[in-house]
Amino acid sequence: MSGLRIFDDNAPGAPVLDTGDATEIAAHLATIGVRFERWDSPVTLPPDAEADAILDAYRPYLDRLMGETGAGSADVIKMTPDHPQAGTLREKFLNEHSHTEDEVRFFVSGAGHFVMHTEGKVFDALCTKGDLISVPANIKHWFDAGERPDFIALRIFTDQSGWVAHFTGDAISARFPVT
Ligand SMILES: CSCCC(=O)/C(O)=C/O
Ligand SMILES: [Fe+2]
Ligand code: NI
């Protein structure tokens, strides 16, 4: 189930809000400019579907999203517990960073935490199958799907160079473990 916990950024372990209600999640995230939607999409795919088949199946949704956001490209990220780069990618995404474009992701399956750090607060959004999240450009954040990541997500890019992160050097994610 999707969820949201909000903390003061100097008080890990003591959430000021903890909810699993999608309407409440969306409303709280909207206060920091984050778009969150749960999509009841009719798409069904075999668990071993290739990236191209996933992109094709979601093409109508992607076209609409890309039209709305002005994005130019989309890809699929698929993480499994035995992915050879699971550890390396986890380290990379766990370091607090920002992007110069909105980070738009749709969870086709599985789950992961997007954690935003802004206005003296930490917003830990647990995204699960069917969730769309858009983290605005320049908001500090990190991502964690744990030691055994298991998710497929669509990623939508405006930046022609693909995934470009600006790391803050703050080790805050170690103080706010989410998995
Ligand atoms: C679920 S997509 C992988 C994470 C990612 O691209 C990112 O920028 C996290 O902040
Ligand atoms: Fe990011
Ligand atoms: Ni978790």
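Positions of Cβ are set from backbone N, Cα and C atoms, glycine also.
Just so you know, TrEMBL annotations are computer predictions that nobody has curated.
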- Message: Looking at Ni(2+) binding as recorded in TrEMBL, which candidate out of H28, H141 goes with H97, H99, E103?
- Response: H141
- Here the 10 Å Cβ neighbour count for H141 (Ni(2+) binding site) comes out at 24
- E96, D102, R105 screened against H141 (Ni(2+) binding site), Cα within 10 Å - retained recorded sites: E96
- Item | Sequence-ordered recorded positions from E96, D102, E103, R105 with Cβ under 6 Å of an atom of ligand 1 | E103, R105
- Local Cβ density at H99 (Ni(2+) binding site) - other Cβ atoms counted within 10 Å: 19
- Message: Given a separation of at least six residues and a C-beta threshold under 8 Å, show me what packs close to R105 (site 'Important to generate the dianion') in the same chain.
- Response: F114, C127, L132, I133, S134, A153, L154, R155, I156
